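A quick write-up on the structure given underneath.
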Amino acid sequence: MIVMGVESSCDETGVGIVRWHGDGSCELLADEVASSVDQHARFGGVVPEIASRAHLEAIGPTMRRALAAAGIGKPDAIAVTIGPGLAGALLVGVAAAKAYAAAWDIPLYALNHLGGHVAVDTLEHGPMPPAVALLVSGGHTHLLQVSELAAPIVELGSTVDDAAGEAFDKVARLLGLGYPGGPALDSAATQGDPQAIAFPRGMTGPRDPLFDFSFSGLKTAVARYVESAQREGRPIPIPDVAASFQEAVADVLTLKAIRAVRETGVDTLVLGGGATANSRIRSLAEERCTAAGIRLRVPKPRLCTDNGVMIATLGAHVIAGGAEPSDLSVATDPGLPVSVSRLP
Ligand code: ATP
Ligand code: MG
Ligand code: FE
């Protein structure tokens, strides 16, 4: 079975194609991504209208390139991100997927983008055992309990304010590191001392919820640090601020993820979402999982950020699980909760 995945929830137009192997693993046949990130740079964030227009221009050519790369005329099924994401951006991918499903007379599966961020790991590391997933992206920060990828995901906790990726982007902007902020901050941090400034670890007190996160206090602490340095005419040690901020985020994320693995009695932690491309989140997760005897699964950075392959991979699991296809009248849901894996 060959499945095509279409992704257009934010600023990446992604079309991926995978072959399902029947044992819970998939093989990557094509992974084409067109990004409008450069068009948003001067605004310092994704402009929904621009993203939608860019998807409209990119979707056809990206689809063509993916088919050519896979060397196929058409797939056996098509999976598409139905939410969460930007309303106008989602519409473009969904409209295209519906048109191709109708023209090719193949089934359509309307899937949750966040499930794709978790499922994509099976491409590199094979079938997924019961696991805790730490999902860290531009719009979401969740701890999830995953039994089967085709089944609904159980939410253990999430951020009560900013997403971690959003905090990376805002702090990077504050430090003048440009856009997109996450990768820029990651590279600035390599020159800095992660212990230089003791930034707060939100929601880690004895009375705080075990699996929830808060990053707005951390963001404010960085802003105050920068303001006071400016007021006093001190130079801002950008690499140290970046490294110390990044350390605070990685510390809290991995601390709570390991706690969740212990509490749920599984032995595997899987990372997913754009911000898990971050070098320190990856290395600290590795260190702490090794120390705790937990198996860690981390997709390569390219597969952590948005792409079509993750939707194709989730689609293959959902189809193999016996799900009914979605109706061609299915509507997008920009606020789709993580616990709803697909729409009928
Ligand atoms: P969501 O998946 O929540 O809908 P999204 O799809 O916009 O959000 P992703 O593409 O999954 O987000 O992730 C983008 C986020 O990842 C951005 O906030 C970006 O700054 C962050 N990011 C990417 N690379 C890195 C990195 N190396 N370090 C830190 N953050 C990073
Ligand atoms: Mg993006
Ligand atoms: Fe995403």
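Here the Cβ of each residue, glycine as well, is placed from N, Cα and C on the backbone.
The model shown is predicted, which means the values in this text are computed figures rather than measured ones.
According to TrEMBL, the protein carries these features:
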DOMAIN    27-312  domain 'Gcp-like'
BINDING   HIS113, HIS117, ASP306  Fe cation binding site
BINDING   LEU135, VAL136, SER137, GLY138, GLY139, ASP169, GLY182, ASP186, ASN278  substrate binding site
For the Fe cation site built from HIS113, HIS117, ASP306, further residues of that chain with CB within 8 A of the site's CB center: GLU7, SER9, THR81, LEU114, GLY116, SER137, GLY273, GLY274, ASN307, MET310, ILE311
Fewest-neighbour residue among binding-site residues, criterion Cβ within 10 Å, set GLY139, GLY182: GLY139
Set of same-chain residues at least 6 away whose C-beta sits under 8 angstroms from HIS113 (Fe cation binding site): GLU7, SER9, THR81, GLY83, PRO84, GLY85, ASP306, ILE311, LEU336
Winner by Cβ contact number (other Cβ atoms within 10 Å) across the binding-site residues HIS117, LEU135, SER137, ASP306: HIS117
Residues among the binding-site residues SER137, ASN278, ASP306 that border ligand 3 - Cβ under 6 angstroms, in sequence order: SER137, ASP306
Alpha-carbon distance [HIS117 (Fe cation binding site); LEU135 (substrate binding site)] in Å: 7
Rounded distance in angstrom between the Cα atoms of SER137 (substrate binding site) and HIS117 (Fe cation binding site): 9
Listed binding-site residues with Cβ under 6 Å from ligand 2, out of HIS117, LEU135, GLY139, ASN278, ASP306: ASP306
Cβ contacts of ASN278 (substrate binding site) (under 8 Å, same chain, 6 or more positions away): VAL136, PHE168, GLY182, ASP186, GLN246, VAL249, ALA250
Distance from GLY139 (substrate binding site) back to HIS117 (Fe cation binding site), taken between C-alpha atoms, in Å: 12
